[in-house]
Ligand SMILES: Nc1ncnc2c1ncn2[C@@H]1O[C@H](COP(=O)(O)OP(=O)(O)OP(=O)(O)O)[C@@H](O)[C@H]1O
């Protein structure tokens, strides 16, 4: 089953939004496979955001992401990468519809509370980066109620 990496950013953790975000993914029907609160290192963030290294906002992005602990989660489910991105909304909260996580809980691109993988291959790269000891799959009885 497809997997994605979701990370509640430091502002989301400090604002007490972890439970709300977890609830939304769970109630949609995605299966939680892993969850960890960590204080990310600069090295790991630079690896995570390697595609953005040349952007002018890169140093402030890394500083923001190191301003407190983050909560990383792995979810699995049918088309979870695309579905998860839709739930999160657009990079700039201004373009995120109400009902999406960014559309409901934030207003500024530099404090947009949550990350979700944007493609299946980047999801697997990010899961390996943030959960280097691996993530176990397990069979949930709920699956029979969600899939034909
Ligand atoms: N113009 C900007 N100014 C400040 N920060 C920005 C800007 N553009 C992007 N960012 C920050 O960098 C993060 C990564 O940007 P990216 O273009 O990968 O968007 P995203 O895929 O929606 O976000 P994320 O990877 O965090 O899920 C954004 O979520 C945001 O925190």
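Placed from the backbone N, Cα and C atoms, the Cβ positions cover glycine too.
The active site, pros-phosphohistidine intermediate feature in TrEMBL is assigned to 115. A sphere of 10 angstroms centred on the C-beta of residue 115 (active site, pros-phosphohistidine intermediate) encloses 19 other C-beta atoms.
Per TrEMBL, ATP binding site is recorded for 9, 57, 85, 91, 102, 112. In three-state terms derived from DSSP, residue 91 (ATP binding site) belongs to neither a helical nor a strand segment and is classed as coil. All protein chains included, residue 91 (ATP binding site) registers 12 other Cβ atoms within 10 Å of its own Cβ.
What TrEMBL records for 1-138 is domain 'Nucleoside diphosphate kinase-like'. DSSP labels the residues of the domain 'Nucleoside diphosphate kinase-like' (1-138) in these numbers: 62 helix, 28 strand, 48 coil.
Around residue 57 (ATP binding site), the C-beta neighbours below 8 angstroms that are at least 6 residues distant in the chain are 110.
Of all the Cβ atoms in the protein chains shown, 23 others lie within 10 Å of the Cβ of residue 102 (ATP binding site).
Taking Cβ-Cβ distances under 8 Å and a sequence gap of 6 or more within the same chain, the neighbours of residue 85 (ATP binding site) are 116, 117, 118.
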